[in-house]
Amino acid sequence: MLHFFVALVVLTPLPLGCVYPWSWGLLAVGIGCVLGIWCFRLLAGKAPLAVPLTAVWPTLLPFFLVVAWIVLQMVSATPDSWHHPAWSWPASAFNAAPSSRITVDPATTSAALTRLITYGAIFWLALQYGRDRRAAQMMIKALVFAAVAFSLYGLVVELSEIRMVLWFPKATAIDDLSSTFVNRNTFATYAGLALVCVSGLILARVEGRMANTDDLADSVDRGIDAIIARSSTLIAGWLLIASALLLTHSLGGIFSTVLALASLVALYIYARGARREVIIGLATGAIVLLGAAVVVGSTGWEERFNQALWNQPDDRGKLALLSLQGIEERPLLGTGYGTFETYFEYRRPADMEPRYTKAHNTYLESAVELGLPAAVMLVAVFVSIAVRTWRGARRRRRDAVYPCIGFSATVLVCVHSLLDFSLQIPAVTAAYCLIAGIACAQADPSEPTVHRRSRTRASDQPPDRL
Amino acid sequence: MATLIANGTGQPHDGARGASTDPIGRAQRWTVGVVLAFLAVFLVVMGSQFIMASLAGFAGAPVLAKLRQAIPVSAHEAKDLLSAKQDEMKWLESGEAAIDSGLARLLIAESLPADAKERDRLVAAAASDLKQGLAAAPLSGRGWARLAYSLAALEGWSPAAMTALRFSIAAAPFEPSLTLFRLRMGLEAWPHLDARDRASVLQQIRYAAKVDLKALALLAEERQSIPVVRAALRDQPHVLAELDRLRTQTGRDPQRRSGG
C-alpha cells in the first residue's frame, strides 16, 4: 500500500500536472482508497498511529477549521445576510428561489474542497508512513527519481524543439521547458522541490562522511570522495533537474529555489553544527554552477530579465489591486473557495487582459475566496509545518536532513506563492504535501529516553507492512 | 507489542500494533480512524463523481473549444455537445454544465429554418436549462447573456429578457467574447431600455471599440445603430475617425448612415 501511495503521488505530474477534473479525480479516488485502508487497519489494530494528534495538532487544527469554513460556504443554512448578493438575481429575473450560499459557485467550491482534502490526506499518509526512516528515504528518493524522469523528458522535448506537452501542441511559453506541465512556472516549482530533496540527500551524505574527522584537509578529501564516488547518481540527478529548472526561464521559480537551497544549507549548518566553511563552499559551488548555467545556457534569460526589469511583464500589479478590492468587498466571508475566476470576470476592469484565471498570488487569492480569517488559518498550516520542521532540524541528531528538506520546501512554495499559483496545481501541492508529511514525521527524535534499545530496533522496521 | 515513540511534548505515545490498552491512545485511535475514514469515503465519492462527469463531458470538449475560438459549429456538433452535457449533469450538479446544455439547444435551434415548430420548443428548453444553470451559478455572464437571447427569441424584449441582459453585463462587464453578442441584443432592445440600461450598453460600445473596432463598425451598420455608437464614442474623436474610416473601407458612406 505504501508503494501504491508513493506511485500515485510521484506520478501526478504525468497527466499535465493533474489540472483536469478527471486526473485530480483519479488522484482523489486513489488517495481516498489508501486512506480508507489505512483507517481500517488502524481501527483493526493492525497499523500504528505512528505520529499522534498531539504532535501535529498545530497543523491539523487550522486545516480542519478551513475545511469546516469551506463546507459552511457551500451550505444554505447560514444566515441570508452572509450570502453573495448574486444569489438574489435568479429571483428577480425569473422568479426562481435558489438555495443561496456564501459561495457564488458551489460546484467549483466542492471541486476545490475535494482537492484540498486530497492534499490533507497525502500529508497525513506521508506523516504516518514517513515516521519510519527507511520508508521516509524511499519516498524522498522516489520523488527525486520521478522528478529526474520528468526533467529528462522536458530536456528531450526542449532540445529537440518538439514543442509539445505529451501529445498536445504547446499553447504558451513555447520556447520554455515545462515538461508534462502546461505552465513553465509550475514545473519550475516542482523541479525546485525535487532539487531541494536531492540537495538534502547529497548534503547529508557528504556531511556524514566529513563529520568523522577533525582535520580540514582530510575532511575535504572525504567530502569530495562522497560527492564523486558515493553520490554520482544523485549528482547526475541534481544536474538534470537543475538544467531543466533553468530552461523553464522562470525567474520566480529560480529565485524561490535558490532561496530554498540557501535555507536548506543554513538550517543544516545550524542544526548539525557542520563544518561551515565546507558546507558554504559546497553551497557556493552549487549557486555558481546555477549562475554559470544561466549565463551560458540560454538566450531566453536576457529577454526575461529585461522584461521583468524594464517593461511591464504582465498585469500582476493590477491583479493584486483587484484582489485587494475583492477582500475589501467581502473581508470575512469571501466569494467561495475556488471561485476567483468567476470573481475576476465579475470585477475585471476594461483595461485588463481577460486571460487571467488566477491572482498570481495564492495568499491574496485565498483571501478573496475564503475571507481573511480562513485565509489566515490556511497560512497557519504552512507556518506550523515550518515551525515543526525548524524545531525538528534542531532536535534531531540522525536524519536531521528530512526536517531541513521540509523547511526549505515550505520556504520554496511560500515564496513562490507570492508571485504565482503553483500551489493551486495538484501535482505540485501533492509533491509538497508528501515532503512536508515526511519532514514532520521525522521532526521528532527517534530515540526516546526510555526503551532506547527496543525503540531503535523498532524504528528500523516499516511502521506497517501494508 | 507496544512501541513507544516520543511525541513533540516529550511524552511517549502509542505507536502500537494491535489494540492499545491506554484509554487515551484508544480514544485517539478511534477518533482518527473514524474521522479519516469519513474523509476517505468523501474523496472516493467526490473523486468518482468528477471523473465520471469529465468522461461524460469529453465529447463536448472539442465543440466548446471551437466555440471559444468563435469557430462556427454544425448542428451535429451541437447535438454532440448537448448529449455530452446532459450526460455530465447526470453525474454532477453543475451550473456550468446546464448553461452549456442551454447553449447547445440554442445552437441546434439556430440551425433549423426560422419557421420550424421545433425551433421554439428547443429555445424554450434552452431557456429552462439556462435558468437551472443560473440558479446553481448565478454569477455567469455567459449564462445570463444566453438566457436574454432565448427569452428575447421567445417573447420579445420582455422585462425578464432585459433583466437577464442587465445581469449578464453586471456579472461580466468586460468579457471580450460576450461583448458583441450582448451589444447586438442591446442595440436591438435599445427602444425598450431605460436610462440606466442604455448607459450600460454605451459602456459596452466603448469596450467593443477597444476590443474589435471593425466588428463594432459592421455591427453598427447591420443594426443601423450608427448614431448610438457615435454617441457612445463622442469623447474619443480618434476612435470615431477610425470607425468612419473602417465604414468607408467596407463600402459605406459614413455621413449618410450615421446621421452626420
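The backbone N, Cα and C atoms fix where each Cβ goes, and this holds for glycine too.
As annotated by TrEMBL, transmembrane segment applies to A:27-44 (among others).
Here the transmembrane segment (A:51-72) has Cβ contacts under 8 Å with residues 78, 102, 109, 112-113, 116-117, 120, 123, 127-128, 131, 337, 370-371, 373-374, 377-378, 380-381, 384-385, 387-388, 440-441, 444 of the same chain, all six or more residues outside its ends. For A:51-72 (among others), the entry in TrEMBL reads transmembrane segment.
Counting only same-chain residues 6+ beyond the ends of the transmembrane segment (A:107-127), those with a CB under 8 A from a CB of the stretch are 5, 9, 21, 24-25, 27-28, 31-32, 34-35, 38, 50-51, 56, 59, 63, 66-67, 70-71, 73-74, 139, 336-339, 341-342, 369, 426, 429-430, 433-438, 440-441. The transmembrane segment feature in TrEMBL is assigned to A:107-127 (among others).
Per TrEMBL, transmembrane segment is recorded for A:139-157 (among others).
Under 8 Å from some Cβ of the transmembrane segment (A:187-206) lie the Cβ atoms of residues 13, 17, 140-141, 143-144, 146-148, 150-151, 154, 177-181, 223, 226-227, 230-231, 234-235, 237-238, 241-242, 244-245, 248, 250, 252-254, 256-257, 260-261, 264-265, 268, 279, 282, 286, 401-402, 404-405, 408-409, 412-413, 416, 420, 422-423, 425, 427-428, 431-432, 435, all in the same chain and six or more residues away from its ends. Feature annotation from TrEMBL assigns transmembrane segment to A:187-206 (among others).
Residues 144-145, 147-148, 150-152, 154-155, 158, 176-177, 179, 187-188, 191-192, 194-195, 198-199, 201-202, 205-206, 209, 253-254, 257, 289-290, 293-294, 297-298, 300 of the same chain lie 6 or more positions beyond the ends of the transmembrane segment (A:227-247) yet place their CB under 8 Å from a CB of it. Residues or ranges marked as transmembrane segment in TrEMBL: A:227-247 (among others).
Per-residue confidence over the domain 'O-antigen ligase-related' (A:239-378) averages out at a pLDDT of 82. What TrEMBL records for A:239-378 is domain 'O-antigen ligase-related'.
The transmembrane segment annotation in TrEMBL covers A:253-271 (among others). Same-chain residues lying 6+ beyond the ends of the transmembrane segment (A:253-271) with a Cβ under 8 Å from its Cβ atoms: 184-185, 187-189, 191-192, 195-196, 199-200, 203, 207, 245-246, 279-280, 282-283, 286-287, 290, 294, 390, 393-394, 396, 400-401, 403-405, 407-409, 411-413, 415-416, 419-420, 422.
Under the heading transmembrane segment, TrEMBL lists A:278-301 (among others).
Same-chain residues lying 6+ beyond the ends of the transmembrane segment (A:370-388) with a Cβ under 8 Å from its Cβ atoms: 56, 58-59, 62-63, 65-66, 69-70, 73, 327, 330-334, 337, 363, 403, 406-407, 410-411, 413-414, 436, 439-440, 443. According to TrEMBL, the transmembrane segment annotation covers A:370-388 (among others).
According to TrEMBL, the transmembrane segment annotation covers A:400-419 (among others).
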Lying 6 or more residues past either end of the transmembrane segment (A:400-419) yet within Cβ distance under 8 Å of it, the residues of that chain are 130, 136, 140, 185, 188-189, 192-193, 196-197, 200-201, 203-204, 252-253, 255-257, 259-261, 263-264, 267-268, 271-272, 316, 360-363, 382, 385-386, 388-393, 428, 432, 435-436, 438-443
